[in-house]
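K.L.:
Below you'll find the structure I mean.
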Amino acid sequence: MGKPLFYEILEKPATSCVVGLCCAIWFYIQKKGIGYSHVGLSYDAAMEGHYWRIITSAFSHISVLHLVFNMSALWSLGVVEQLGHMGLGVAYYLEYTLVLVILSGVLVLGIYRVLIHRFKIEYFRRVTAVGYSCVVFGWMTILAVKQPSSKLDLFGFLSLPISFAPFESLIFTSIIVPQASFLGHLSGIIVGYAVAWGVIHGMNSYWAISMLGWVVVVFIYSLKRSGAYDLNFLEIESVTDPSLPSVRFVATGNGRTMQMTPLPVGGVELV
């Protein structure tokens, strides 16, 4: 018999937060009737400046089966948080989850670009990717390299050797769920190998926070610029109070002189 759920949550705090966030977003999407085209990532949308979709597409799920599969796999992969003695642990998990979300999204867009412009396959302009699968496949790959003796548990009864799980799952999902994003999953595997083999390395708290800061800036800027959502509360309006004195500089023969207009009758009250 396994540990009580409460203790597992304490042992996998970051994984628990991600699972909770994805479930909350799924519930919100269902309640509001939001479609995948509103939050998913496509090549045309990205070229129109909808860079924020790299984030929203990763944490959004439309079908409950898709959500259950991804969250079940992610929960099993949360063992990464317990492997601090191997150089992994909670901090490593959080830092490289951010890397996986961003780089797998960028990579899939790069693959779409090659297929569209090099091979003239216009179909990939309209393909819209949604779901946390890219990150799940990335962590499968990292764990397969770092801890090949681990097992991947799905739905509580299906267990796969982690060393073969990335490609087994890639084939399995492509057969069972034909609309699954093969290229999205493959992008997660590629980024996962890059992290596991040390091609992408050096992430620490400083770089993770810096990267997160830039992600937030680009997210808000692109969201506002694309006009997808009303962000008028971010507007900074100039405020001119006629009751306050104005200051200006006037060029004179001796240099520049500062002039201040007098206060109107009544002045300013300080309270």
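Every residue gets a Cβ built from N, Cα and C, even glycine.
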K.L.:
Write down the single range among 157-177, 241-261 that appears in TrEMBL as transmembrane segment.
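P.N.:
Here TrEMBL associates transmembrane segment with the stretch 157-177.
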K.L.:
Within the same chain, where does the transmembrane segment (50-73) have neighbours whose Cβ lies under 8 angstroms from its own Cβ atoms, ignoring anything closer than 6 residues to its ends? I mean 6 or more beyond.
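P.N.:
Beyond its ends, the transmembrane segment (50-73) has Cβ neighbours at 19, 21-23, 25-26, 29, 35-36, 39-42, 101-102, 105-106, 109, 128-136, 140, 152-156, 169, 173, 177, 215, 218-220, 222-223, 226, 228.
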K.L.:
Using a cut-off of under 8 Å between C-beta atoms, tell me which stretch among 93-115, 127-145, 157-177, 182-200 contacts the transmembrane segment (206-223) the most.
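P.N.:
Most Cβ pairs under 8 Å with the transmembrane segment (206-223) come from 93-115.
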K.L.:
Which value does the mean pLDDT take for the domain 'Peptidase S54 rhomboid' (49-200) in this predicted structure?
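P.N.:
Mean pLDDT for the domain 'Peptidase S54 rhomboid' (49-200): 92.
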